[in-house]
Amino acid sequence: MYAFDYEDIQLIPNMCVVNSRSECNTSVTLGKHTFKMPVVPANMATVINEELSIMLAEKNYFYVMHRFDFDAVSFIKKMKEKKLISSISVGVKEQDFKMINELTELNLIPDYITIDIAHGHANSVKEMIEHIRTKMGDQTFIIAGNVATPQAVRDLEHWGADATKVGVGPGKVCITKLKTGFGTGGWQLGAIKWCSKAATKPIIADGGLRVNGDIAKSIRFGATMCMIGSLFAAHEESPGKNVTVDNVLFKEYYGSASEYNKGEKRYVEGKKELIKVRGKLMDTYKEMEEDLQSSISYAGGKTLKAIKKVDYVILKTSNF
């Protein structure tokens with residue numbers, strides 16, 4: 001086990017081999033598709049919606065549509081008509097199993113399905129993976145989570161998941177560690193390193209990334225993709241509700257396990273924040289790409305692979 005987080009780690013540069021950072025390639029392959037960057041907006045109702053999913057797919061960025069008040073049939077039909085990748089989320093309730101049945105009967109097989117529950121190391125997830133595989137075979141790429149241990153990663157892979165999502169409660173609007181005493185909040189990067197030792201398939205680092213440099217750190221410690229909420233929230237195009245405070249425009253950002261998303265105050269493990277509106281989403285993507293190109297140049301390579309080999313230090317200022 002490794003008790004450190006993003007702010008505790010600094011990566012060490014290697015000799016630069018490019019003349020310009022623009023030469024560095026940030027693309028990543030997940031399943032059958034290659035995407036421009038190893039980042040994906042969190043599948044939260046205040047971060048992603050159908051319009052943004054279409055925009056991201058058209059620009060060759062990965063996305064995962066959230067599962068709240070969502071018509072999967074019409075969405076997948078629309079994406080297939082547009083010849084874009086379809087990527088949806090499911091839970092593990094009875095209606096989710098029925099939805100998989102319906103999609104199969106209609107021959108609407110999504111390219112990606114993310115099984116998305118707070119504690120993903122569970123029999124219910126095993127049953128859902130098996131159900132999807134029985135109905136859809138290998139036609140869809142299954143991402144399962146969320147988990148926090150190497151044993152969980154091994155089990156999900158053994159059950160048939162193509163990738164695992166690592167991170168229990170490290171997100172900015174997640175209060176799992178406060179409500180339950182459990183989770184990876186405060187040591188999320190260590191959890192990625194720990195879990196990656198057991199993984200034979202891709203890991204998606206989910207939560208706890210606060211600045212662009214955390215993407216490179218996630219890759220260094222074993223992540224293939226990074227799921228990010230707060231950095232992608234509160235853009236002009238974001239689905240969060242607009243709120244004006246003292247003539248300043250904010251957007252709501254809340255956790256999937258918050259009472260605001262659930263519509264009831266039961267088993268709450270999320271909260272709501274207001275974030276100042278930060279401009280166009282594609283401007284943030286562009287800045288992330290440039291920063292990640294810089295990371296690759298500091299790593300001494302031309303692709304993301306170079307970051308995986310760099311040395312690092314654990315800072316003396318670390319709380320651990």
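Cβ atoms here come from the backbone N, Cα and C positions, even for glycine.
Copied over from Swiss-Prot:
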- Cys174: active site, thioimidate intermediate (ACT_SITE)
- 203-226: NADP(+) binding site (BINDING)
Secondary-structure category, per DSSP, in which Ile215 (NADP(+) binding site) falls: helix
Rounded inter-Cα distance in Å - Leu209 (NADP(+) binding site), Cys174 (active site, thioimidate intermediate): 13
Rounded inter-Cα distance in Å - Asn212 (NADP(+) binding site), Cys174 (active site, thioimidate intermediate): 20
Same chain, 6+ residues apart, C-beta under 8 Å of the C-beta of Thr224 (NADP(+) binding site), given in sequence order: Val28, Leu30, Pro38, Ala163, Pro202, Ile203, Ile204
